[in-house]
Amino acid sequence: MAAAGSGPRAGGRERGRAAAGRRGLSCPTSLGWDLGAGCVLVVAHRPPPRAHRFCVPLVLAALPAMAAGEEFPPALQDAWGDFWLFRFFVNAAGYASIVVPGFLLIQYFKRKNYLETGRGICFPVIKSCVFGSEVKSAHPDDGSLPPRAEPTESSTARQILKLLFCAAGLQASYLTWGVLQERVMTRTYGATETDPGEKFKDSQFLVFMNRILAFTVAGLYCALTKQPRHGAPMYKYSFASLSNILSSWCQYEALKYISFPTQVLAKASKVIPVMMMGKLVSRKSYEYWEYLTAALISVGVSMFLLSSAPHRHASTVTTFSGVVLLAGYIVFDSFTSNWQDALFTYKMSPVQMMFGVNVFSCLFTVGSLLEQGALLESLRFMARHSEFAAHAVLLSVCSACGQLFIFYTINQFGAAVFTIIMTLRQAFAILLSCLIYGHTVTVVGGLGVAVVFLALFLRVYARSRMKKRSKKLPPGDTPAQKV
């Protein structure tokens with residue numbers, strides 16, 4: 001009975017194999033792949049439940065190989081590769097391949113009480129990376145910034161020259177950086193009369209270029225100047241580094257979908273999510289005027305975004321993807337600033353913070369680029385287009401120099417003067433972008449821009465008045481109610 005019952009099934013299997021053979025496909029007796037014939041899956045019998053669990057990860061692991069095969073049209077592959085959300089998850093997977101093993105190692109050393117039992121050559125490195133010296137300042141503001149240089153009896157002309165030097169350095173660095181950023185992300189390279197040229201698409205490579213130079217500059221500065229004794233565990237920089245990478249990536253990617261003036265205004269409005277993150281992360285309280293100016297900024301940005309020009313340039317059309325990327329930039333950047341504020345409870349200088357964050361930024365970006373094979377591809381693009389190579393290097397130089405000008409300006413003149421200079425820089429950046437790249441702004445949009453910058457200057461004025469008033473009040477009195 002058994003032999004008679006198995007005859008039809010065996011015959012069906014033979015006929016299936018013969019049909020598969022005529023089509024040029026393989027038909028194994030169990031679960032199998034034929035990658036050369038189009039990744040055909042044939043199941044001849046049900047595998048046991050345990051084997052089935054191993055097959056699912058195998059199938060998922062083979063999906064990237066399937067996507068890279070010749071059977072998928074190149075246009076489809078390019079469409080997926082150009083989709084920003086797909087690239088975001090690919091980059092995040094690359095960072096996770098470094099973060100997850102690092103997290104497991106940190107947990108292992110903490111569980112083993114390595115600080116008490118560890119010995120050997122690696123002990124100082126592991127102690128610095130995982131435990132640090134755990135020396136914190138008594139107040140959060142003690143180590144956040146170096147003490148501001150008090151004005152000496154030098155002449156007024158000398159102070160004016162210093163201020164002009166700081167303002168010129170900040171404006172030159174960040175205005176050039178903004179113009180180059182828009183040029184690299186929105187224009188083609190190698191265009192001729194017969195060839196339209198090609199655009200550079202990998203924003204992560206630009207982030208890597210910026211971070212590697214900033215890491216070098218900060219390292220040299222720390223090596224050549226006296227710095228406070230470092231006490232923070234090195235791994236804590238990785239949180240700010242990761243959010244900083246993602247915010248920069250969103251910033252570059254957003255220029256593919258929105259105009260540069262829109263991006264500048266979105267950066268100006270990031271005080272709103274910064275305040276929200278401050279409430280959530282650092283449990284900060286804010287004055288009423290801070291909420292008022294934040295509301296004015298949101299109104300001005302809304303006026304600019306909702307205004308429509310009758311003949312708007314194609315590159316200024318705000319798309320949903322651009323808005324999402326801007327939101328991602330603002331959220332990640334807000335987390336970065338608040339996490340850095342928390343890190344400054346350890347006694348460190350801003351340059352040490354710059355060095356620590358950029359160490360992990362270089363590690364994350366180069367690891368992700370190598371895993372994707374994008375590093376060599378970007379270097380080949382640089383070799384094909386020398387103009388792009390010059391732009392990428394100059395972009396990184398402007399970013400690193402701008403950071404140093406920030407530290408010097410705050411040290412010499414304080415945060416209020418620095419904020420005024422940077423607010424003016426944002427206004428000049430919008431004007432310069434409109435002149436060079438032909439962006440159009442309507443009357444309503446122009447009024448929105450004016451409202452935003454009016455609110456920013458009001459914030460600077462109110463903050464300086466509050467500081468003066470708090471200095472005059474006796475200890476224990478509060479200048480205003482915070483919420």
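Cβ atoms are placed via backbone N, Cα and C, with glycine included.
As stated in TrEMBL, the feature transmembrane segment covers range 313-332 out of the listed 253-272, 313-332.
Here the transmembrane segment (388-408) does not lie next to the transmembrane segment (88-109) in space: the count of CB pairs under 8 Å, restricted to residues six or more apart, is fewer than 3. Among the listed stretches 88-109, 205-224, 288-307, the one sharing the most Cβ pairs under 8 Å with the transmembrane segment (353-376) is 205-224. Against the transmembrane segment (415-438), the recorded stretches 88-109, 160-180, 288-307 differ in Cβ pairs under 8 Å, and the greatest number is found for 160-180.
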